[in-house]
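Notes follow once the structure below has been shown.
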């Protein structure tokens, strides 16, 4: 039970108190959801609930109409949206009632106002449970002017997380190694997503393919397939880690080619050609109407994940070619400049990246955007009290709409769900690509550390941890350790600077764990996630193109069940792991 006592009377409020009453209370599993738009309907019939929805009946025992509005606790500085009007009670003790459908993904705050004077009667923060049935009673206490708002649970919600909580990803490393390959087995060094090293290249680090396959690819496929339709899987940042590990692979691949006496011009030609191929494949798979005939330029989306990878790969590979050495000696660790040796050896490339970041900062915070405040980073729509409805993404959105045109960028951004935006915005847009270059370049530094300190496991791990600490400190400074109050908040859609530093911090720490487990101690072979990492382009393209086909998708008996969606998405993801394993056994690797 939650209650609030009477407040001091204000000019625009009456004395109010409210309480919540539930039969058994709500479980912790309902504390991490965001609200979609609740829908009102007549109290004479209730429609069937979908996923993440609950019934709410508002009973008005007052002599005045009650306007019910709502806002999500996940929506930063958002306007209240009207849910509906509950007519006044015809007589005392005979309340009028109206049924609504509310979302259960996050806690919402209900605001109840009287009409026509719009005085606030009460504010009711509450976290509804999926498929629960609730009543909100609005009445006077003992015929006084004090209004009581009480929420009563009529039907307990279901636990839509019970299957997710029971899934335990445990690995029997011994049986896994025996079944899917020994960690000591020599593997032909073929890099499918960057550059193929020469036959004489040294032994491949399994930890990099494991990192790419598990952290970056398998989880990305699972999330792209729906993630069981759980809200917290829909907005995660797995493709950022993919950019990071791509940068690491660039350092190792170019070093192998230069050691094999390939000319820098020939390597550059391969880099350009592969970038063009990646970009073209990306345009092909994000415009699915190719199955129905020629693509139409009128609504062809240009930005995309592979397009951003192509762009980042091209720039970072060119920067590495500019500073890479043909031969690398093990660097001294006792010199005064050793803590920054990996930066000093490639200072021209760092200077270029620094200039690109200055350009990003200038355009983001100084570029004038029509009818928007300079430096705006918000979602527009109903956010920021609805003051800037057409300013979604600020300068990033403006540049994309001006440079590419509204019809050639993403039409349904995630911000439309909770912030009710209607302006197209592309999360893989032009301005954010600058920071994806930074992400790939930080991954390149991880590769440089592996090359410079090869076989010195302690030095490699300490350098990774040092980079993770520095990047984490930068993120803390930029965000003020808050979600929305920092100088530059963490924002995936904008690929903000703090987003990159935070994600790179996690990437260095995770790479330490995988590197130590797989390559140093050899406690784990990396299976089965090692195999998708060896065929990353094939898995990514395949899962996008074949998403709607069996066995990756089938007709479900109950399409509003998290359990069925979770099962389908896990099966689909497992299929791609198995396919990559079979290809690995057949020594089939798709290179571009």
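Every residue, even glycine, has its Cβ placed from backbone N, Cα and C.
Curation does not apply to TrEMBL; its annotations are automatic.
Copied over from TrEMBL:
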TRANSMEM  213-232  transmembrane segment
TRANSMEM  238-259  transmembrane segment
TRANSMEM  340-363  transmembrane segment
TRANSMEM  430-451  transmembrane segment
TRANSMEM  460-478  transmembrane segment
TRANSMEM  498-517  transmembrane segment
TRANSMEM  529-546  transmembrane segment
TRANSMEM  566-584  transmembrane segment
Segment-segment contact (the transmembrane segment (498-517); the transmembrane segment (430-451)) at 3 or more Cβ pairs under 8 Å: yes
Intrachain neighbours beyond the transmembrane segment (529-546), with Cβ under 8 angstroms and 6 or more residues off its ends: 180-181, 187, 190, 192-193, 206, 208-214, 216-218, 220-221, 224-225, 242, 281, 285-286, 306, 552, 572, 576-577, 579-581, 583-584, 588-590, 592
Contact call for the transmembrane segment (430-451) against the transmembrane segment (213-232), three or more Cβ pairs under 8 Å: no
Beyond the flanks of the transmembrane segment (566-584) by 6 or more, those residues with Cβ under 8 Å of it: 163-164, 167, 180-181, 213, 218, 221-222, 225-230, 527-529, 531-532, 534-535, 538-539, 542-543, 551-554, 556
